Structure formats: C-alpha cells, structure tokens
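Colleague: Checked Swiss-Prot, it gives:
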type: REGION; residues: 21-53; note: region 'Disordered'
type: COMPBIAS; residues: 21-35; note: compositional bias 'Basic and acidic residues'
type: REGION; residues: 65-196; note: region 'Disordered'
type: COMPBIAS; residues: 66-75; note: compositional bias 'Polar residues'
type: COMPBIAS; residues: 84-94; note: compositional bias 'Basic and acidic residues'
type: COMPBIAS; residues: 100-143; note: compositional bias 'Basic and acidic residues'
type: COMPBIAS; residues: 173-196; note: compositional bias 'Basic and acidic residues'
C-alpha cells in the first residue's frame, strides 16, 4: 500500500511514512528514511530572503566565501603594470646624503665584525658586562627575609604546639560545656556558645 504524502515527498509504506532516496538541488543524495507525519525536510523549507536582496542568506554567505577564496590568490596578477613615471623614480640615483649614510652604515658593520665573521667586543660592551657581574656578585650575600626572621622576638621564642598526651585547652572547654545544661551566652574569646 503506497500513497503520496503531502510533506517532503513522503510516502505511506506498510503503515510508515518514508521519504524515498532522492537527489537534492545541490546534487547530494538523500537516503531513504522513515519520518513522522508532518515532517518537512530542511531542504524544502523556504529560506529567509531579505527585503532588498534577491538571494537567500545562505547563498550570500557562499558568495562571500567564493570572493574571499578569490582574494587569497596572488595579488600581483591583478596589479596594473608600472607606469613610465614610476619606472623613472625607481631608476633615479640616490642623493649624495643618502649615499654617504649607506656607506657609513656599511663601514660600521665591517668594523663590528672580524674577518672570520665573529662580532668584535667593543670597550663599551665590556664595561657593561663588568657592571652586571658586579651586581650579581653583590646579590650573592643577600639574605631573604623569611616570615620566621620578620616575626617579632617574643614570637620567635615561642614554643611550637607539642603533640603530647596532655589535654588541650579546647578539649577542657568541651568537657566543661558537656556538663552544663542550657545554652544562653557566647564566650567572647572563642565565639562558642556556653552552657550555664
């Protein structure tokens, strides 16, 4: 039993709605699949078309992608040929001042490097190295101020808490509280409620 459905080309086959295998507009193949009544395939839904344009938003995005791919190709192909004036500017000789500057730079580079290609050490750079090494040496004797040395003397002399069998202050207070019945006041030192 086969009847044509009203949605996305679906047909009723043996009590199930099935969209048969078909080709989409873009050329891809849609597999045969079972669907519920009222199903509309995404390809069959009309796309939003903006008021001014005549392309759907997806089509516009595809065009933008194509344009960006075209722009990524080399730009030298699109560049117009060099005019005669530009050629003349490129061929003009350098002025005397520019020539002197270029020659001076070349000479200074020659002086900086030996014939082997290693860079010479100038007197200024040696002085700079001496300063850095002296500052490093002076920092070797530096003592860091750890919290132990920064604490006041009365605190440095305090004994650390010992783990002995003696009951602590906290456990004594707890035993006193257990003996008392009502909870009325708060101890100002500990913040615990005391029983009276």
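A Cβ is built for glycine as well, from the same backbone N, Cα and C atoms used for every other residue.
Where in this structure would I find these features, and how exposed are they?
Modeller: Through the fold, the compositional bias 'Basic and acidic residues' (84-94) approaches residues 102 of its own chain, all at least 6 residues removed from its boundaries and within a Cβ separation under 8 Å.
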Colleague: Treating G and I as helix alongside H, and B as strand alongside E, what does DSSP give for the compositional bias 'Basic and acidic residues' (21-35) in helix, strand and coil?
Modeller: 0 helix, 7 strand, 8 coil
Colleague: Tally of helix, strand and coil residues over the compositional bias 'Basic and acidic residues' (84-94) according to DSSP?
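Modeller: Counts, helix then strand then coil: 8 helix, 0 strand, 3 coil.
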